[in-house]
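According to Swiss-Prot, the protein has these features:
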- Tyr118, Arg119, Gly167, Val169, Asp198, Gly199, Ala200, Asn227, His293: thiamine diphosphate binding site (BINDING)
- Asp198, Asn227, Tyr229: Mg(2+) binding site (BINDING)
- 303-313: compositional bias 'Basic and acidic residues' (COMPBIAS)
- 1-26: transit peptide (TRANSIT)
Amino acid sequence: MALSTSRAINHIMKPLSAAVCATRRLSSDSTATITVETSLPFTSHNIDPPSRSVETSPKELMTFFKDMTEMRRMEIAADSLYKAKLIRGFCHLYDGQEAVAVGMEAAITKKDCIITAYRDHCIFLGRGGTLVEAFAELMGRRDGCSRGKGGSMHFYKKESGFYGGHGIVGAQVPLGIGLAFAQKYKKEDYVTFAMYGDGAANQGQLFEALNMAALWDLPAILVCENNHYGMGTAEWRAAKSPAYYKRGDYVPGLRVDGMDVFAVKQACTFAKQHALKNGPIILEMDTYRYHGHSMSDPGSTYRTRDEISGVRQERDPVERIRSLILAHNIATEAELKDIEKENRKVVDEAIAKAKESPMPDPSELFTNVYVKGFGVEAYGADRKELRATLP
């Protein structure tokens with residue numbers, strides 16, 4: 001498997017700029033330029049790859065660390081809430097994949113659109129959603145981002161260009177192509193990131209949507225988050241050709257180390273520039289989820305604990321940023337631990353506030369069901385009692 005080969009490589013990013021290797025604390029100048037090299041080269045299909053050299057700053061490094069550790073703490077807390085039966089139904093966690101959400105967000109604006117599948121909590125947070133909105137939604141409360149009606153799989157923040165959160169495998173991709181069509185129709189200089197997993201990569205509708213995007217040169221970026229397992233099925237057992245970045249054939253693609261936030265940032269910056277001028281491109285993010293597929297999956301029956309711990313030790317996205325911050329004397333280990341401690345506190349406070357939010361009124365069952373204006377009648381289970389006329 002390709003993942004085991006990549007594990008043998010030392011993936012820690014290498015600092016290139018001698019000027020910033022001085023022992024002085026760079027935090028005194030948060031805008032100082034630091035040049036880093038991506039952990040691995042980009043592998044490309046029908047396109048010249050971007051440079052491996054990426055510019056950053058102490059401020060951005062610290063922001064990445066804070067954002068990724070906050071996302072991870074949120075997902076760990078969600079795990080505990082689910083086990084305490086405060087979250088019901090489906091719940092898919094994102095810990096391990098944080099570099100994709102954070103790196104992508106660093107390359108785009110809130111006018112660009114993102115649409116994804118059901119592993120959506122961290123994408124929502126990256127788009128500007130709050131922890132209170134996230135936890136309230138997970139617990140089915142009125143103050144949730146979908147008013148407590150969507151749950152884990154249906155987070156939205158339309159005003160920031162986040163269109164969900166979708167529970168049907170692969171069905172979000174055609175919707176994403178529709179968003180890109182609207183952007184081109186309105187002559188906007190923005191793009192849409194349509195995200196899906198390796199488990200959805202064989203869905204027929206994905207190829208149909210990609211063909212349409214290519215035919216009309218739509219500003220669409222298809223992001224395959226390849227965490228190597230579709231539920232419990234390894235990629236090589238489900239796909240004859242698991243090189244998902246080549247799947248478009250006539251559409252260019254890049255394979256990206258999705259555990260390296262700077263590789264993701266560089267690839268997304270490159271992809272946006274390409275899509276605005278030339279149409280769609282595929283980004284395959286080589287990433288890894290630490291939890292099982294969902295809360296009912298222990299995640300250890302189809303992969304070994306050694307495999308999981310090996311990825312944690314050698315490729316963890318948070319530890320990469322921590323190493324880079326320490327190498328450039330931007331912060332001390334104690335200061336980074338203080339940030340993590342503060343994140344823990346912020347998450348705990350958000351959970352407490354979300355618990356105070358009331359449950360939705362039962363009348364909410366009859367809202368947002370049909371397009372307004374049809375006056376559809378809704379009956380009870382016995383079909384005798386008229387419960388409501390839907391607006």
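Including glycine, each Cβ sits where the backbone N, Cα and C put it.
Between the CA atoms of Gly167 (thiamine diphosphate binding site) and Tyr229 (Mg(2+) binding site) there is a gap of 17 Å.
Summarised by DSSP class, the composition of the compositional bias 'Basic and acidic residues' (303-313) is 9 helix, 0 strand, 2 coil. Taking Tyr118, Asp198, Ala200 as the binding-site residues under consideration, the smallest Cα distance to Asn227 (Mg(2+) binding site) is found for Asp198. Every protein chain considered, the tally of other Cβ atoms within 10 Å of the Cβ of Asn227 (Mg(2+) binding site) stands at 24. Between the CA atoms of Tyr229 (Mg(2+) binding site) and Asp198 (thiamine diphosphate binding site) there is a gap of 7 Å, rounded to the nearest whole number.
In the three-state DSSP classification, Asn227 (Mg(2+) binding site) falls within coil. Neighbour density for His293 (thiamine diphosphate binding site): within 10 A of its CB lie 21 other CB atoms from the protein chains shown. Residues within less than 8 Å, Cβ to Cβ, of Asp198 (thiamine diphosphate binding site) and separated from it by at least 6 positions along the same chain comprise Cys224, Glu225, Asn226, Asn227, His228, Tyr229, Gly230, Glu235, Ala238, Ala239, Pro242, Tyr244. Shown in sequence order, Gly197, Gly199, Glu225, Asn226, His228, Gly230, Glu235, Tyr288, Arg289 are the same-chain residues outside Asp198, Asn227, Tyr229 whose Cβ sits within 8 Å of the Cβ centre of the Mg(2+) site.
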